[in-house]
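Enquirer: Mind looking over this structure? Questions follow.
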Amino acid sequence: MFGGATATIYTERHSITPTEEAIEDSLQTIHDIATENLGALCLTKLYRPLKITLNPERYTGARQKADLAAVVLQDVGVSRHNGLLDALAKGLLSDAHVTSARILSINVTDGVLTNSVWWNKEPGGMGAPLRIEAEGIAIGTKPDPSYPWFEDETSSPGLRSPKFTPTPPDISYRGWWTYPYYSCGQKKWILSYSVAIPPMGRHGIRGFLSIDIDISDLQVNQCNNPNRFEIVSYNQHLRQYYPFVRNLKLGEDEQLRQIEAFHGSHKCHIHSMRCEYRPVVTSVLGSGSLTLGPNGTGPVGSGPNSINGSFGGGAGSMGVAAGGTTLQTVVNGWTRGAYQCRCKDGFYSFRHPDGFNGSIMEVAYQEYRDNISSYYKEVFVCVRCAPGCATCTGPEPCLASYNWAFRTTLLTFSIMCAGFTVVLALYMYQHRKVKVFKVASPIFLTITLLGCAFMYLEMAAIFPILDTYSCIATKWTRHMGFCVTYTALLMKTWRVSLTYRVKSAHKVKLTDKQLLQWMVPILLVMFIYLGTWTLSAPPTAEKIEDQYGLIFKQCSYNWWDHSLAIGEVLFLAWGIRVCYNVRNAESLYNEAKLISYAIYNIALVNTTMVAFHLFIFPQAGPDIKYLLGFIRTQLSTSVTIALVFGPKVLRILRGQGDQWDQRARKRGITASFSLNGIGLVPEETADLYQENEELKEEIQKLAAQIEFMKIVHMEMNNRHLKPKPGGYFTMKSPLGKSFGAGGGTGASGTSGGGSGSGSHRHKHTKDDSVKEHSGVTEDGHSGTNSCYSGTANSIGFPTQPTTTANNSNATTEKV
């Protein structure tokens, strides 16, 4: 509730409680007096009391002086010291707030006055006090009962009279405070304090003491005042514990000058308006130290009896106008409707943009309560702004509109794409034994489809009007989907890169299980980061404006987003480098190149869309941003699926899923260059085939080495074998002689002379060869070259003809 219970009832119903009725009657009296609308009433009734209780805390000093004077008179007697009465009455006027003091001596038996003293303070407080001789307190008569400050104790025992206000709880006064009343004769608002002085015995003279306090400087603030008790209690605390402190919290005097009973009695509509106190300020020209107040409410001066230089008309300030004339600014606090009703934030008034005058609102409410007109409910109202407007001056919209049909179409297509990835995963599982899927590592293909489905679901997260939960879902689907998809593709490409770049004879073998062991930590890091982000500082939806100034919500971006973006950029850069390294690598069905294209596309699309958001469409509306998100998802996710899975599905639909790629077969692609370690597989299981393929490669190498060593050892250690002329085992001297070609016939052993001659020539040839060329059979490098030549000759290369036909034929037969 804003403005108290009174204001709530004012705006909700016609009937009000007795207390509220008393407040309304008092406000009407104040309004009549301020506008001089009393007429003949002031002739018949000199006093116009209100029906509200005033807080007398400000006048505690004056009350205590009156109580002290009453105690003195009770002790010394009222009738025995006539001069004492005048002295006490004049002494009471020494208080700054007291304007009148009177002491009456009344016969207890008949109630007739035996003595009376009435002193008034001179207006402005500059002169000596004036003694008043009023008819209502003439000696020998009874006091006039019309006085608001007097009550006969015989007719009202204990002064329990409706003229006096009830005593506040837990506070003991010797006398009674009256209700505030207006004196038509003095043209002032007065509050009186009266004390009954009991007689010395059952018979005799009883006394009656009363003081008047000018309360014309008080203010009728009908607005709410929630800070009053906080300010006053703070200052009272300072006075209690730090009596020497004089610089109290500002605003206490202003708070005490306002009548609490009228707080919250404004007529502003509490749900759409706020009340602003606007005291009536008037300027009056005069001369000297005295200036008449507004509407003849009394003189205004600058003496000690005035507050801020005012007396009777409220607070004021002095100034000098042209010609030496005094300019007096007067604040008339006793005015009904001294406020303005302004529309709260989120409301507006087309007819009254600057607010409604409080006096007009008071009259409109009075007519509405009396069923005279309904302007109070129909005209003097503030209209709620369009949805989303914090402030407005008219019915113009503040929120950006959402084209729900357009957004629903894009969302439906994205959901269908997510469903298509699930169907594709099931289709791949059904055809997992087909070679086109089998050699491409089905487990990583399934992980790739799972990540793509996550990225498609981002469109569902950003579909509604964003809030904290949808922003959390957006971050998870976008970043986790990207990480899953990109990491699965990159692991397959990385395996090709490691295999392709190997330079040793040892074969690098990376299985799917090993790659998954590398992939899981990457995904775990992303999961921990997103989880910490969500729990510690979840992203919220903040309001931004488009190019037309319309407001819509967008997920906030902070250092969490920036840090993750830097990490993803570095991850993309590493993936691009890996793809660049395998640009010339051969793989089955050309899959490595297609995956590289997909990774290049992901990097290009994400970079381009960030540039679109930041530089080309920085103030785009919600539908444009949703469209950009849809385009980014389709260009990155759908293109990835098309590149990686499109050719495979197309081959299966054509019936070529179990046929090898001809280019791969011609280039001899083995298991080393497959994306899952499987080469040209037969119908056996993957493990058996891979093992057989490796064994075949090793057997071929061993067979070539065995054949090589057999020929080398045969030619190096067999002295009966004649090197063929023209072969690599035949070495020629610079003189044109062939070493190692003679004496071959002696080796056959056909005759003794031939044998000796042959043996001699063979030894001579050998010795010459050792001396001049170190020998072919004893030099490792030359022997190796000879072995290569021998290997070549042994497998069918033609040899050069020898100089001796018979020896050549003999050597051939021996071999």
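Glycine is treated like the rest: Cβ placed from N, Cα and C.
Bear in mind that TrEMBL entries carry predicted annotations, made automatically and left uncurated.
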Enquirer: Which stretch does TrEMBL mark as transmembrane segment, out of 457-475, 476-494?
Expert: 476-494
Enquirer: Would you call the transmembrane segment (476-494) and the transmembrane segment (557-576) in contact, using three or more Cβ pairs under 8 Å, pairs 6 or more apart in sequence?
Expert: yes
Enquirer: So what's near the transmembrane segment (404-429) in sequence-distant terms, Cβ-Cβ under 8 Å and 6+ beyond its ends?
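Expert: For the transmembrane segment (404-429), the far contacts come to 437, 442, 445-446, 449-450, 452-453, 456-457, 459-460, 463, 623, 626-627, 630, 633-634, 637-638, 641, 645, 649.
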Enquirer: So, do the transmembrane segment (624-645) and the transmembrane segment (436-456) meet, by the test of 3 or more Cβ pairs under 8 Å (sequence gap 6 or more)?
Expert: yes
